[in-house]
Amino acid sequence: MKPAKQTTASLAFLAMGIVYGDIGTSPLYAFKEVFFSHHPLAINPDNVLGILSLVFWAFVLIVSIKYLLLVTRADQNGEGGILTLSAIAQQNAPKPWRRIAMLLGILATGFFFGEAVITPAMSVLSAVEGIAVAQPDLAPYVLPIAMMIIVALFAVQAMGTERIGRFFAPVMLLWFLVLALLGAHAIWHAPQVLRALNPAYAVHFVLLHGQHTLFILGLVVLSVTGVEALYADMGHFGIKPIRIAWFALVMPSLLLNYFGQGAYLLTLSAPTGSTFFSLAPKAWLWPLILLATFATVIASQAVISGIFSLARQAINYGYLPPMKIAHTSEHSQGQIYVPAANMLLFVAVIFVMLRFRSSANLAAAYGIAVTAIMMISSLLLVLVARYQWQWRWPRVVTIGIAFIGMDTLLLASTSTKLMEGGWLPLLLGCVVFIVMYIWQQQRQRLLEIAGNELSVSAMIQSLEEESFQRAAGTAVYLSRSLNHVPRSLLHNIKYNKTLHERNVLMTFQYEAVPRVHPCRRAEIEQVSASFWQVVIHIGYQEEPDMAQVMHCCGLKGLYLHPNETLFLLSSERLKVQKLGMWHDLKVWFFIQMSKHALRTSERLNIPPDRLIEMGVYREM
């Protein structure tokens, strides 16, 4: 039992460095934006206690109950994330709901990208702005310093973060302990802030401010940004360590700091704008700025890694075109680098920093994508509860009304800042959604066209009856589906008038599970004297590799010797069939993405000297 406890404790320790980076750095700006933003709330006991009560109950209802107790129950072999939730919702739902669940998953992925653009800029700027508190004449240098940190952060992605990653957890542990210490010290001088644990103060605040509460709630949302990481990173650490880290250290530390900032506002007659840095004695200020900068870099790294992981999932689900994915660690499958995603995210983050220039300006843009993802996760959770968990309707309706109602309120509150900057993550999210939707739709259309072509069984029977010249060795033809005759096979027969001694029709099938067990990797069926059909199963967290595929086939009795196997692929050239402006635009965009997508031979690591590619024209 002792080793198991040590393992759980160590995983909980590591989870602090990855899972809670984003939500853990929220005290830098969340409370400040309520009382010192462009539309500040008056500093008085009713307002301070009301905001603290709202933050506390947001932690309880959104983070603790909704995500840690309910959403995390929906997993695929321990893996989580919004695309996983979407895939689970599609499994047993009626056909119309499957389509809706798929579109919601794609939309949430787009919003996650929009949030990922804001998070590094917001976090790093809010930390570096501490310099202006310690040395006001250094204020003009805040933006350049923050941008240099961002440039360095994105530059090291190609080298991987395995070496420095081991320091993430100790740094974040120190960060949370400092948060707790600073907050507890302030609470000692104004213990009356603890009365905000009573929900009556939140209710009184809402009644006091009426319709203006919506605007203020949009700022309270900043305290729970990053909550989706709890679910997305579940596969790396397990839900138990993530829960232990939250309830044992992260939540108490964050609440102590927020309540400490509230105590600071109540004890000083003229408090300054930076409520977080004002908690520290002057002698601690520079070390605290340095620690905050490290913590925000770690939070940004967690978001960047999350984008890489989400991009790989989307590619394997068929929502994005294939891209180059590099593994940066020999020991961890999760350590990956996606150059295209890294460059797009870097350019977007730099643009956002130049456009908004300060964390105060960025606060208006932050939050709306988060609440949109929360809303989508609640909608998908209702589908999962009804059709996957088989809950009865009264129970489903109860959680639906509770969480969808709460998320609607939060989404409406962040929408009040739409014109001040909230449009940016929404615009980015919608652009990503359109890209993913067009790719998925047109790719599905290609599969349907392929399925309407020649029957595989009839084609094989016809070929076996013909007397073709036989070449030595094995030919592997990649096909889109089991019912699809590879164009490369047809062209090989038409122009070379030859068949190999052994011919393998190979299909890659991506499963709604993170990883496929090696014994289930390959399904092999000999359909005639010289033809085999092979289905290779790939999880959405895996990368296909032809060397591994050949090894798995050998374990099942189909030996593919590297020096005796030839791979024949068709390289498609797509043409637009004129059917209307919107249709033509979608197909044109799909064709452009196809041209720039990673080639199948590169994605599968097929040796160039064993590869033959044949050009094929197809009209869409």
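Each residue's number is its place along the chain shown, starting with 1.
The backbone N, Cα and C atoms fix where each Cβ goes, and this holds for glycine too.
Quick look at what Swiss-Prot lists:
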type     : residues : note
TRANSMEM : 11-31    : transmembrane segment
TRANSMEM : 51-71    : transmembrane segment
TRANSMEM : 100-120  : transmembrane segment
TRANSMEM : 138-158  : transmembrane segment
TRANSMEM : 167-187  : transmembrane segment
TRANSMEM : 202-222  : transmembrane segment
TRANSMEM : 246-266  : transmembrane segment
TRANSMEM : 288-308  : transmembrane segment
TRANSMEM : 334-354  : transmembrane segment
TRANSMEM : 364-384  : transmembrane segment
TRANSMEM : 396-416  : transmembrane segment
TRANSMEM : 418-438  : transmembrane segment
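Taking every listed stretch (51-71, 167-187, 288-308, 334-354) in turn, the largest tally of C-beta pairs under 8 A with the transmembrane segment (138-158) is reached by 334-354. Cβ atoms under 8 Å from those of the transmembrane segment (100-120) belong to residues 22, 82-83, 85-87, 89-90, 93, 150, 153, 225-226, 228, 296, 299-300, 303-304, 306-307, 310, 314, 319, 345, 348-349, 352, 362, 365-366, 369-370, 372-373, 376-377, 379-380, 383, 424-433, 436-437, 440 of the same chain, restricted to positions at least 6 beyond its ends. If you count C-beta pairs under 8 angstroms between the transmembrane segment (364-384) and each of 11-31, 288-308, 334-354, 418-438, the highest count goes to 418-438. Count of Cβ pairs under 8 Å against the transmembrane segment (396-416): among 11-31, 51-71, 167-187, 288-308, 334-354, the largest is for 51-71. Same-chain residues lying 6 or more positions outside the transmembrane segment (11-31) and placing a CB less than 8 Å from one of its CB atoms are 51, 55, 63, 119, 122-123, 126-127, 165, 168-173, 175-176, 179, 219-220, 222-227, 229-230, 233, 236-238, 240-242, 244-246, 248-250, 254, 257-258, 261-262, 275-276, 292, 295-296, 298-303, 305, 359, 363. Counting same-chain residues at least six beyond the ends of the transmembrane segment (288-308), those with a Cβ under 8 angstroms from any Cβ of the stretch are 17-19, 21-22, 24-25, 28, 112-113, 115-116, 119-120, 123-124, 126-128, 130-131, 134, 149-150, 153-154, 157, 161, 168, 171-172, 174-175, 178, 226, 229, 232-233, 277, 280, 325, 334, 336-338, 341-342, 345. Beyond the ends of the transmembrane segment (334-354), by six or more residues, the same chain brings 113, 116-118, 120-121, 125, 143, 146-147, 150-151, 154, 157-158, 160-162, 236, 304-305, 307-309, 311-312, 323-328, 362, 365, 424, 428, 541 to within a C-beta distance below 8 angstroms of the stretch.
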